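All remarks here apply to the structure that follows.
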Amino acid sequence: MSEEEVVVLNFWPSMFGARVIMALEEKEIKFEYKEEDVFGQKTDLLLQSNPVNKKIPVLIHNGKPVCESNIIVEYIDEVWKDDKTLRLLPSDPYQKSQCRFWADLIDKKVFDAGRRTWTKRGKEQEEAKQEFIEILKVLERELGDKVYFGGNDNVSMVDLVLISYYPWFHTWETIGGFSVEDHTPKLMDWIRKCLTRPAISKSLPDPLKIFDRVTQIIKVHEFFYGY
């Protein structure tokens, strides 16, 4: 490989891995992709690169591993920065803190509520759906009239973090019986705008493939444990 050796360890449905790949693609950084079977036999490379958490994604840059998706995105933004390269986080300390705040909020709220729309049933599922819709409404208000969360010209880390969940929307909507567009139409416009960017559209996993995998998991769970 070239002097800049960049390797990404990932599991294809992961929203956390997707944002790392999008960050690299947005900055036009060449990298080698290595798929990990996180539910099967984890590779020695993953266990050596992330011995504490043993999780994906991992970015290996010139032999040095960087772990945790948002930390990786910030690392990418700091290492590959010049006048020609998109900046994913602002240089102003306050604006940067706000970017981190929203990225962290998305991972805490969207991930948890979305997951419970298909792992829970009855009242708990309804509560999860409402929480999911409410956090999307909060994010829609934060977006306001901007094209992207990062402004009108380019995406930011917040955009990459939130759009990384989009491939899961189909699963959550179908199983939960609701429509994101019915509740947050402007946010869906933002999603469509993001998907016009090649770096984003080619980096996201297939929503139907995710749905198939989730339904398989549900069937296995029902067979062994019931619901």
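Each Cβ is built from the backbone N, Cα and C atoms, and glycine gets one as well.
The domain 'GST N-terminal' annotation in Swiss-Prot covers 4-84.
Residues annotated as glutathione binding site in Swiss-Prot, with similarity to another entry given as evidence: SER14, MET15, GLN41, LYS42, LYS55, ILE56, GLU68, SER69. Sequence-distant neighbours of SER14 (glutathione binding site) (same chain, six or more apart, CB under 8 Å from its CB) are ILE56, PRO57, listed in sequence order.
Sequence annotations record features per position, and here Swiss-Prot assigns domain 'GST C-terminal' to 92-217. Mean model confidence of the domain 'GST C-terminal' (92-217) amounts to 97 (pLDDT, 0 to 100 scale).
Listed in sequence order, GLU36, LYS54 are the same-chain residues at least 6 apart in sequence whose CB falls under 8 Å from the CB of LYS42 (glutathione binding site). Our reading of the glutathione binding annotation (SER14, MET15, GLN41, LYS42, LYS55, ILE56, GLU68, SER69) yields a largest Cα to Cα distance of 21 angstrom. Contacts of MET15 (glutathione binding site) defined by a Cβ separation under 8 A and a same-chain sequence distance of 6+ are given as PHE111, SER164, TYR165, PRO167, TRP168, in order along the sequence.
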